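Reviewing the structure listed below.
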There are 2 protein chains.
Amino acid sequence: MTRPGRLTRRRLAASALLAPGAAAAERLEVPPGMREQGAPLDATSYGLPAPTEQGVRRRSRPGREYQPILGTAGSIVTPLGDLDGIVTPNGLHFIRCHAGIPAIAPEQHRLLVHGLVERPLVFSMDQLRRFPTVSRLHFLECSGNSPLYRTARIRPDWTAQDTHGLLSCAEWTGLRLADLLAEVGVRPEARWMLAEGADAAGMTRSIPVAKALDDAMLCWAQNGEALRPEQGYPLRLFLPGYEGNTNVKWLRRLKLAAEPFMTREETSRYTGLLPDGTARQFNFTMHVKSVITRPSGGQSMGAPGFREISGIAWSGFGAIRRVEVSVDGGATWRDAALQDPVLPKCLTRFRLPWQWDGQPALLASRATDETGAVQPSREALLAEVGEWFTYHYNAILAWKVTENGTVQLAV
Amino acid sequence: MTRPGRLTRRRLAASALLAPGAAAAERLEVPPGMREQGAPLDATSYGLPAPTEQGVRRRSRPGREYQPILGTAGSIVTPLGDLDGIVTPNGLHFIRCHAGIPAIAPEQHRLLVHGLVERPLVFSMDQLRRFPTVSRLHFLECSGNSPLYRTARIRPDWTAQDTHGLLSCAEWTGLRLADLLAEVGVRPEARWMLAEGADAAGMTRSIPVAKALDDAMLCWAQNGEALRPEQGYPLRLFLPGYEGNTNVKWLRRLKLAAEPFMTREETSRYTGLLPDGTARQFNFTMHVKSVITRPSGGQSMGAPGFREISGIAWSGFGAIRRVEVSVDGGATWRDAALQDPVLPKCLTRFRLPWQWDGQPALLASRATDETGAVQPSREALLAEVGEWFTYHYNAILAWKVTENGTVQLAV
């Protein structure tokens, strides 16, 4: 595969010293940790990050801290500006809940599959876990990620966590939904499938049977271990590339039917209001998108000199083919290097070497996916769907490097 | 790439119902979690697994629970039999320490690079983090993993955690050591590099410069977030495919030299004692290996019928090319399917569909890597290195399915 913009040794040499501040020295102080035995291994607890990393946490987005009307509904977002690579640790995976997190004992949990099927069946977790399994690395993005449609609400101090943190990526393991549906026998007239969660919201969405028979999974594991409670433990639907809420958590019921069910979450919510007053419904697949995470909002540049520009790109339609980066607000673009592996419907890490001269700059990224779709400008997106569309915001985003080296959201 | 043994729909159909115990039913009880709001989102804490998953923890290996002579030295092992896919969550990554876990403030940490270099330099973490970065998924295995050389010590109740749990896999992010060495300028006569950790053991190993200039990394992140304290926070050496102890944690010093340093850890330890009384030294690269994790020691088979056989394979010499599975103790073998992505020096998940007839069986796996190396039989390995070799055990391992459906170690 072509890797435009790959960092070569020659390119690096041309960019002079990478760490201009490194001190010439032959001696190091012996640190306190070498003078006495360290902490013993803890064989009973689940491991946690270093105490000095406590700032790297999920949190509410600005203005969403208190939602009395919604009760236990809400979301907390992944600290993308602090993360490297493409895997999100489970303890930092974003959460979006409609009625809080139910506590479910796996041995009590059941999945009913019924409706337009030959053999309606109820499955226990033990029965589901005997199916052939599959593991895949996929991103998951809330359809409401990037609340940037309404210009008046945008604040320059927003970070990548605020603008893009309803996005995470993990290795998901479970069974192919197609295998389960083969067991119950889908009738030819079935075109839609209701998925219902066992939370107090009774979260329900209608999914096309074509997607269910394609790459849909019923998952019990993320990043190797059991699903976290807030991710649907012990079972969730996983629809690669589809908007987050359709990946129904605490999955208890699948019902096959000829028509969509027009549930609350696909009528009053998760539809896109267009300028002409009509709504775009069943807008499932997340569009091609990218964001620079280093440097990004809230970070400081430090001394002028070499800085790698690094970020993530993704598309619900397949693999990322190209990411371009601009340091002048879109006047000129350069191809970034894509970090292997580049996987379909998965985050792809991109990087571009940059000599920062200490002057103000406007950093932006523009992704292209394997279907040829290119991330639109903000102007083009707003011209198409208007500022009340709410969901699926995927426009090019810019971070402003200011004179004093701080980084701010410039949209 | 050829995928021998891929599970096809026809093959599945031929194996009859996958979940014979599923109940025909149209109604489900409404569970308690749907009757009241669930737990609120916690925007302050780092996320943890469900309370019902408390059994999935790292622990000491049998017989290693109490080591008064070693003080804070020791290890705790990854629960491989409970995990899916290839990613190990950071909270379950195996730990091996020689003098406990030091607490290091990143802003205090320094890395000295000296010896046979043009420009000896000291780097802060901020300076290191300005280098171009790379992220790669790699396994990490302790050279002492699988303590199975001495037959008299082996117990049939050992699990995959006991036999193979000094093995984990993560996405590691940092800088290419080659880029750092270009900054200091390695002198032509330098052939070895000492790596020293900032723990109380002053853990030191000699590494060939050829490896340092090949794919070696200095890492600050695992699975996206900062290294865990027990993995070397804030900085570790990472040598893809090399035995675990050479991936020096809390890295504080690199010294270039013409000869290896003959440190304690490469003379009294981490050498392999051969039958003729000599020792194999600088035996760096972990050999091709595999283990079935489901079903594996300590698990129960449940009712006869369909069972997927699933496990992991890896090699420090490159990518896994093939995994064969036997259900009759090696009399016959079938090719398992390899789960994409198949990456070099990384775990590869393999799977084989199996109709278990309820009778005793002997399950074994045999991996082949891209160099053509094949996992040896126990007899062949012992014939080559003898039972006092201690390290790099990579023989084919068998799990015995007993008459009552329990699974035991059969070696």
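All residue numbers here begin at 1 and follow the chain in the order shown.
Each residue, glycine too, has its Cβ placed from N, Cα and C.
Per TrEMBL, signal peptide is recorded for A:1-25. Sequence annotations record features per position, and here TrEMBL assigns region 'Disordered' to A:30-65. Taken from TrEMBL, the feature domain 'Oxidoreductase molybdopterin-binding' covers A:98-261. According to TrEMBL, the feature domain 'Moybdenum cofactor oxidoreductase dimerisation' maps to A:284-380.
Within the domain 'Moybdenum cofactor oxidoreductase dimerisation' (A:284-380), the DSSP-based counts of helix, strand and coil residues read 3 helix, 49 strand, 45 coil. Here the region 'Disordered' (A:30-65) has Cβ contacts under 8 Å with residues 74-79, 82-83, 91-92, 94-95, 147, 153, 155, 158, 161-162, 165 of the same chain, all six or more residues outside its ends.
In the predicted model, the domain 'Oxidoreductase molybdopterin-binding' (A:98-261) has a mean pLDDT of 97. Note on the region 'Disordered' (A:30-65): DSSP counts are 6 helix, 2 strand, 28 coil.
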